[in-house]
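Participant: Let me begin by handing over the structure; questions about it come next.
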Amino acid sequence: MVRVKEGSRPPWVGLGAAVWVEIAAGCAYTFPLYSHALKSALKLNQQQLTLLGVANDVGENFGLLPGVFCNRLAPWISLLIGAACSLVGFGAVWLAVSQVVPSMPYWLVWFALCVATNSSAWLGTAALVTNMRNFPLSRGTVAGILKGYIGLSAAVFTELYTGVLQNSSTKLLLFMTLGIPVTCLLVMYFVRPCTPSLEDDSSEKGHFVFVQIMSVLLGLFLLTSTVLDDVLGLKRSITYLLSGFMILLILAPFAIPIKMTLYPVNKKSSNEVLPSHEESLLVTELETNPTYPESDDTSEDVDILLAEGEGAVQINKKKRKPRRGEDFNFRQALVKADFWLLFMVYFLGVGSGVTVLNNLAQIGIAAGVDDTTILLSLFSFCNFVGRLGGGGVSEYFVRTKMLPRPVLMTATQIIMVITYLLFASGFNGTLYASMALLGVCYGTQFSVMIPTASELFGLKHFGKIFNFMSLGNPIGAFLFSSILAGYVYDAEAAKQNPGYGINNSSATCLGPNCFRITFFVLSGLCALGTILSVILTVRIKPVYQMLYAGGSFRMSQSSLH
């Protein structure tokens, strides 16, 4: 059994370490940086390439195993498994792209990419679930920060790719093969369950604001340095200097536990209010049962029958089912309409967004942009803004207005409808603005879905519930990116290059028609997502009125026993 780390500093040390884990977990967002190299090395057409994009998304979001084991294994074991996936998976893809192993079978590369990006699921689950439990009263903020950093990871890798790695896809793949495991080994000891704070603390809010500010500075720095490098062509020495400064910004969250060590604050005073009985029970529960072991419904029923036989149980013979806002197990959540409404809203939002991400390089080329690194960096930064802002903004409104978080999903999916229509129009000068808007809206879906799932169905089995929701990403990638976008692109490329045929990998498509039909379909999907989001918001409004009636989150009774 994992021991809970006590004290006020360990949760913040764990959050600082989780930032590095989340950036490493963002390796799946680097696909546009080496997709052209894959297409060339394996001689693929666009539909085959988008199927590799599906493998990328399947691996990243197949988190049911990490979700199950996060209640059974210590976080460091999950991190170790993720490191192994990265080493084996990206290592095999590097062998294919570098031609060290010539003519590697397509199916083997597909499987290797699944394994490689499945490291994201193991790393992200360990970091997110552990920190959500370490800061149970600030779920939206924590989700926004951690998902914000994973959104920034693409810009981090792009900075390294364009500067230190000299725009080399093979060097990038080798870097991820070795660098991600090393990062996990360095920080895995610090990502661990800690005694949570159960009262609103102004200093804690200040610490969260500091981390948010530093993450914004990191995002602005990455975007600026990428643009400068593209426009001015910076010298090698300057790019190394910029990379060093980037690392210092990523290390910034560790300043909080260092400050707490150098300037400790004694909270004990004569006027100190003792924690309530419910808070004491929760602390005791987390200290003795920090990893939320999986409950066995059958064994619980047997215990009740035995107790009845001994006369210990006279009433409540049937175990009461949980209500929304309490802890559900996975099977109980699976039969709830709110579960499937949240899944569908998330699926339509991220499934459409990932279609653009997987085809980003080809969308840029079709629009006349040869170097798509700025597009990727812009999308990454705006994705980060959406994730960080979605968590912070939704946290503010649930505490002050008791407004359900999915309201933000409704608003952003309306904007996504307009954005896809802008993409389809092909108007000159709208590409970068459309990409920025899409990045913000896409990122918001993540940081809103995560705390919403925890508030409706509890934290005890959050790992499995959250990772099942995440399957909306690869399902959307397969349906909308591979089947729809890939086919439409290849068909249009064949029209523009009659001698090549629809399955020829050399055919390149130019102009707005390459993705126009795809964008019209994506716009319609987000319109449907908007309607479902409104229905979900109306249904769960009473839950938020109950949970945030006092202006701060109230732990449910089921979580306290």
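Residue numbers in this text run from 1 along the chain shown.
Note: Cβ is positioned from N, Cα and C throughout, glycine not excepted.
Straight from TrEMBL, here's the annotation block:
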- 11-258: domain 'Nodulin-like' (DOMAIN)
- 12-34: transmembrane segment (TRANSMEM)
- 73-95: transmembrane segment (TRANSMEM)
- 107-129: transmembrane segment (TRANSMEM)
- 141-160: transmembrane segment (TRANSMEM)
- 172-191: transmembrane segment (TRANSMEM)
- 207-228: transmembrane segment (TRANSMEM)
- 240-258: transmembrane segment (TRANSMEM)
- 331-543: domain 'NFD4 C-terminal' (DOMAIN)
- 339-357: transmembrane segment (TRANSMEM)
- 363-386: transmembrane segment (TRANSMEM)
- 407-425: transmembrane segment (TRANSMEM)
- 431-453: transmembrane segment (TRANSMEM)
- 465-489: transmembrane segment (TRANSMEM)
Participant: Do at least three C-beta pairs under 8 angstroms join the transmembrane segment (407-425) to the transmembrane segment (339-357), pairs 6 or more apart in sequence?
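Facilitator: Yes, since the transmembrane segment (407-425) and the transmembrane segment (339-357) share at least 3 Cβ pairs closer than 8 Å, they count as touching.
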Participant: Which residues of the same chain, at least 6 past either end of the transmembrane segment (141-160), have a Cβ under 8 Å from a Cβ in it?
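Facilitator: For the transmembrane segment (141-160), the list is 15, 18-19, 22-27, 29-30, 33, 124, 127-128, 131-132, 135, 172, 175-176, 208, 211-212, 215, 218-219, 222-223, 225-226, 242-243, 246, 250, 373, 376-377, 379-381, 383-392, 394-395, 443, 446-447, 450-451.
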Participant: Averaged across the domain 'Nodulin-like' (11-258), what pLDDT does the model get? Just tell me the whole number, please.
Facilitator: 87
